[in-house]
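Here's the structure we're looking at; comments come further down.
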Amino acid sequence: MAALNKKNLKRKSIEVQNKSSRSADAAASALPLQLDDDVPDFPRGGGSRLIREERNEIKVGVDAEVGDSNRKKKHKGAKSGRKTNEDDLGSLFGEGITGKLPRFCNRVTLKNISPGMKLWGVIAEVNEKDLAVSLPGGLRGLVRASEAVELALLNSTKDVEGHILSSLFSIGQLVSCVVVQVDDDKKETGKRKVWLSLRLSLLHKGYSLEAVQEGMVLTAYVKSIEDHGYILHFGLPSFTGFSPKRSGEAQLVDVLSHESADNREMITGQLVQGVVSSIDKARKVVHLSSDPDMLAKCVCPVLDSPETFVQTKDLKGISLDLLVPGMMVNARIQSTLDNGIMLSFLTYFSGTVDIFHLQNAFPASNWKKQYDKNKKVNARILFIDPSTRAIGLTMNPHLLLNKAPPLLVKTGEIYEHSKIIRVDRSLGLLLEIPSHPVPTPAYVSISDVADEEVHKLEKKFKEGSEVRARILGFRFLEGLAMGVLKASAFEGSVFTHADVKPGMIVKAKVITVKGPGAIVQFPSGVKALCPLRHMSEFDIEKPRKKFKVGAELVFRVLGCKSKRITVTHKKTLVKSKLSILSSYADATEGLMTHGWITRIENHGCFVRFYNGVQGFAPRSELGLEAGCDTSSRYHVGQVVKCRVTSSVPASHRINLSFIISPAKVSEDDMVKLGSVVSGVIELVTPNAVHLHVNVKGNMKGTIFSEHLADHQGLAAQLKSALKPGHELSHLLVLDIEGNNLILSAKYSLVHGAQELPADAKQIRPNSVIHGYVCNLIETGCFVRFLGRLTGFAPRKRALDDRNTDLSEAFYVGQSVHSNVLDVNSETGRITLSLKASSCLSMDCSFLQSYFSTEEKIAKLQGPDSGSLESDWLENFHIGCTVEGRIHEAKDVGVVISFEKYADVFGYITQYQVGGKALENGATVRAVVLDVAKTERVVDLSLKPEFLKRSDKDSKTPVSKKKRKREAKELRVHESVTAIVEIVKEDYLVVSLPECGYAIGYAAVTDYNTQRLHRKQFSHGETVIATILALPSDETAGRLLLLLESFSQRAETSSSKKAKRRSGYDVGSLVQAELTEIKPLELRLKFGSGFLGRVHITETNDHHDVENPFSIYKVGQTLTARVIGKCSPSEKNKKVGLWELSLRPSMLSGSRVEGNKQMDVDFNYSVGQLVNGYVYKVDNEWVWAAISRQAKAQLFVLDSSCEPDELLNFQKRFTVGSTISGYVVSMNRGKKSLRLVPRPFSAFANGAVAEPGKSSDASDEKGVSHIHKGDVLGGRVWEILASVGGILVRIGPHIYGKVHYTELTDSWVSDPLSGYHEGQFVKCKVLEINHSVKGTVHVDLSLRTSSEGIVNGDSRFENVEDLQPNMEVKGYVKNVTPKGCFVMLSRNLDAKILLGNLSDGYVQDPAKEFPVGKLVTGKILSVEPLSKRVEVTLKVADKNNARQSESGDLSSLHIGDVVKGRIKRVESFGLFIVIDDTNLTGLCHVSEISDNRIKDIDEKFRAGQRVTVKILNVDVERHRISLGMKASYFEDGDHELSSSSHDSGEEMEAVLDDDSVAKLQLEDDVPQSSNSDSELEPEDGSALVHVESRASVPPLEVVLDDMEEDDVAGQLDNTGNDPDGGGENLNEKSKRLAKRKAKEEKEREIRAAEQRLLEKDVPRTTDEFEKAVRTSPNSSFVWIKYMQFMLSVADVEGARSVADRALKTINITFESEKLNIWVAYLNLENQYGSPPEEAVTKLFQRALQYCDPLKLHFELLGLYERTDQHKLAEELLEKMCKKFKNSSEVWQRRILWLLKQKPEEIDNVMTRALLCLPQYEHIKFLSQVAILEFKSGLPDRGRSIFEKMLREYPKRIDLWSVYLDQEIRLGDADLIRALFERATSLILPAKRMKSLFKKYLSYEKSQGDEERIEHVKQKAKEYVEAAVA
């Protein structure tokens, strides 16, 4: 009935209003059309023209009609009967109900909650994508991230670090929200999901600027943070807000945390609350001021009483739309209900307070007695339902203070002594929980009081009795806990999600079974998921039968994440007694546990444990048999027992083994890398051979196919011959993988095992070692040795011919010889060369390996040793004669068969036939030249020379002795001439005529050239070879040779014999003839064609003889000693040069035996004096030879300190001249020294070694030889910007900085004018600073007079040297609107306030005092402790001026009428300069007029002449108070006594003209201030106190804080009691003095800290280190640090700083990290080597951490700024492919094409439209059109707009943008034509209004009245047509 009455009420009121409106409109239509200025061009609709009396009459009529209707309906209802007399407990009712009041309060339930309802709530959870809000009545709502922040602020909040919600909201914060949607919960039937919105545009929907009143509490978003305050957004476009930042005043309060901005940093998008302090209706700005106490007590000021209604002039009432949850109101109790009370408030409204929201948190049964009718109370609005106009209120004491109730209990806690406060029949119990520090109310529903059903609570439970209760939940908004008394609730280990622990055993009931798994429920009601894979021990496709709904089963908890519990029913896991592995920290070595396999790979299995912990078991630890497939033994989901072998908790890595009990082997029996073993073959697979290794520990082994032999072909043959059971010996252990050994049978590796390295430390440069190719890539080849030790051969180092493809030259597994080029000890990187020219084998191992493998294959293929055919090899040995029958004669050769051996054949080539005629079947005798054992083929020869040798050996009885004599002639390493007899694929069979036609074998290829093109040999060709091995068992009875290198001829045997006969050795004395004199060496010849050389340092012992070669002549015979073996000469690589010496000390010694080099030890020490000879001079270095092996360097800047000498550096040093110097640093690896010409102390500046002691440390970047006071030579490296000074290079890697004041001796206006980059200068070291990182900073001076004793030109280094009134000079360092800073010296800066810059007014300080200007002034004050100096540039002395001003005060008397000029107008008063004086007084705004003045700026202006009356003269404080009220001048006796103005009611002015400089105040004057500073006249020491109180922003110094504090202090003294008198002032002064004394100490300390961190710009590394430790997450500080490192030319240091910043800045500060990455990219772009490669490499690295799209845009900007158009184009092309759905990327591409390639725009647009989503097309095309208008062809832009408008003619936004672009171009005809088209459309009035408004605005700007009338007429015609 109530709802029906309400609807009738609404309908009737609407009808009456419509009738009135129609009549009023009809009357108004008869009026003439008004076009006055006051009438808006297009008035908004919806306004009413009824006056107040008419509206009241209508309201009375409506009320009467509604009342009659209600009475009739009630009467009718009484006849028909009512269903019930009781209202529903959960119903909602509004204020339209008449008659009997309801029994129950308004309550929000899931049934009646509806969209549009406004609620007050508390945030319970903050998730990444949504918020969970606790609502009234225990409901729970969700807020999506898009509904948490206003859409207009989403872009600005994206810059917040981390996800948005966590930075804007926190748990326990109060919020006002609006219901936007109510859905049925899909997961649980019968439940509904409530979706909420926090957007203020919905909450403040009915607000307007007229509705806002002073004193209101409003909620707003922080839109932006400015220097002076916060710009606020109320969710409405009609007005904005502002709240100032001001010290001493209450800050803006965050409504979520209720903390001031001092405690919590404000960020964009944050919700804040404040009290409306003022409203600027002209600017549509609402000013908020917030004090937490005032905010908590502030009551809605609207219509609290009839008086308020009368006093509020503009307020006509308040509607329901203006009520917001959380608003505090004054209310009266209207009546009490069964479960609460009803209140009336704001005159028109009524609402109810639920019993749980009363003032008393523990209302007893007689609670109604506390709430009498008409009692006044305070309440806050809890919820509002606009549809029923129902309002709920709260009187909770915590909520009244605008704070959420405290949470003092936790879910699941048990309280033994809970007291029953109230028993509600059929409802439940109210308990008092004994929580700490205060009790907590709890309510137990009747269903939770006992396990059995309870009918009458009052009989079983008595008030005052104690019960045992457990907390079931908590209502955050009410502060009410939900409890349970059931006995079953106290049983079981799991009550809430917090009780669930991974690994625990639980019982649960199956409640749902679906495809993915089963939902089970614990006895406490907590639910969990059992996945399908965990329902059974086996892999099943559907749930097992035992998983039936209602079945109770035993489970084990796998994990609990975000309240999602996962359990398993696998039998092995449930019954496991092993330890539970639920964290990586628990994974200790040797731990046994159960897990389940989640993934199977070829190299191992991934195993999952509890709580998401995962480990990996490699294949070697799976316990598989050789060749067994992993998937055949294990399957995904299988439970396995495993053992932890190792773990790294920090990186979440666990290594596992399925081998539970590994074989225990002692250290002595353990197999080590490089050892040789044997084994028995167990299995042969396509890729490997698996063996059982004959070692202790039951080890297995694997030989991959490519490791069976050095030759690829033989490896395949050997593998085909291998069978299980064969035993293989001589196997090398390459690697060990758990219980499996990786083996190799390669001959080269096995026989070179002792030389194979397993660690990089074992490798020496320039050594040649065996290895094998493990991988091939395009850029090079990887070669592996033992274990995982791997080297890399770059492509250019891998092959002599670079045109050859690596994949064609090498194969994976190939044996190679590698030449070590470099070993990096820091990175362990090994660089190799595989070139055949540098890695050619000098032994016979390659050929020996071939024959050895062949013999092994033959043994495996052949029959048993006992058979008849097993001895055929013995009868066919090399060189023997055999008899056979010609089987077949062909053109290429003859095939021979043997009667005894049917499967052995012989073959004779045509070259070996010897010209004999052979017939089939004939018997022949031939000599065996070669035997192919695997093919059972014998190569034979019929040549007579071989037959004669064979016959001679067989007939002569003493042939063995002769063979021995002949064998003696075959010497190893001897070169012989050989003839090619047979050409095989891999080797040659040759004969040695000189050695009785002995048969030898030579390889035609090598390890590294197996697959390369080979030289072709022909039969009978003569070659030269070296004998490497004589026939023996190791060589299979063969003579092995090495062919001469193809690139050079080997030395002949005769030359070797001559060398052996020469007898020269190291240490021998020789007689040599001088053949040539070179600048640095003598060339000699001695012996039989031997050549030698004498280095210049080997001519004398002391190296101090000038031109030592002058005493020698060509042809002279000299006695020399051999000190080194021969080395190749420069001209002839084949001929070596012996190293000789002519030093007397060497010649006088005895002969040294042996072949060791007579090298001089590199035994030098830092500080040692050495001499040498110059052998090279370049632009920066002099290179000198200290000894035959040691060299020295002298840097150009170390050679002298005079600029002229440095300029002629190359002329001062010539090749061959002597040089001497002291050792600064040394490099033992390169055997080089660095010298300086002057001695130094090695202890100074942190030197690394003492004089006289050897040191390997490099001091390239050190300054051990530089000391304070040294005069050095330098070179101008960089002239720093502004007054940064000069960067001077004083060493190879050392730079010093010259301060701007240290450039010249005298003070000159432009000290930088005499310097340019590259200029040599003479400088003096002033100071050397070392940072903790090891970097060095040197301060230099270019002043020729170090002490600066010139008249007026001295530099004051210490603040103690300064005294007040001292005249000083300096350069302007920085200029602000408040003054400037001046550099007095490199250590001292001075501050000059704006008022002290000049005697006159300074209008533009930056223009009149530019940075770098030379100024002269006098010191006003000096603070030695803080090193703060204040200077004045005024001509008159400041102290004298003050004294004269003080004297002038005596001429001024209270009551005098004087004239003056307004100097400045402020919002609080006028500053007036009194005529004929230099005194300034203040006329407070209250003393200007007898009437109130609203806008002081409009009535007064600077320079205006005024007449004032002196009200007060304060001699002590130097202040004058003036008045301008008309009443002061009506009667001459209106003089005010001193006491009446000492009360501080009026504002006083600072006396000094220089101290009333331009104040930088906020828009509105501070209402209170804690500072009352006084200007001290003598020494100006008050500046310290003033600045200590100032709130100084970072890196900015406030210069006018003294004056501002004075004004603030005067405002603080302004009272409200005009009759207080001087006594009141004295009391206040005493209180202020005590307060100031206490606060000043704290403020001085705080000011010192702020100056250290904020105001002092870091100048050294130490200071920067402090700065980054203070602000580790500030990219600004880190980038400044990088700039500083670059300013000292330390590029590596800048990179190091960038890397540190990326590691240090917290991961949540994404934007700060992005700033570092961008700075790093700029650094590499400028200093990278090469820049393009460095930037690309860094960019790829940054992509792993940053937003890819943002980073791509940053890199694109970098390329565009640096004009790298090609790279920019390539990057844009990549971006268009990678981010093809991004409209911004395509727009950037179009913009680039407009500037570079406009002809390609159409193609790109087509591509973009194909890639972009349909809804992005309009936006994209609009932006392209705008770009065409701005940067391209306007006609093309018009074409795009016209095309869009043809398709979307009603899109007003397109018309508006189109018009804006045309208006910008300014073609009036086109613009008007376009307007005419647009305004001719037939669209809704609201849309057309904006077009007409735009049209009219344009015509007004043109000033054409006729056109203006035309637009208005056209608008009128449209309105008439629309009405018609």
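Glycine residues also receive a Cβ, built from the backbone N, Cα and C atoms like all the rest.
Per TrEMBL, the listed range annotated as region 'Disordered' is 1563-1587 (candidates: 938-962, 1563-1587). Here the domain 'S1 motif' (1067-1143) does not touch the domain 'S1 motif' (879-943). Their Cβ atoms form fewer than 3 pairs under 8 Å, with each pair 6 or more residues apart. Within the domain 'S1 motif' (674-746), the DSSP-based counts of helix, strand and coil residues read 13 helix, 36 strand, 24 coil.
Mapped onto DSSP classes, the domain 'S1 motif' (1455-1525) shows 7 helix, 36 strand, 28 coil.
For the domain 'S1 motif' (1365-1434), the DSSP-based tally of helix, strand and coil residues reads 7 helix, 35 strand, 28 coil.
Restricting the average to the domain 'S1 motif' (1067-1143) gives a pLDDT of 79.
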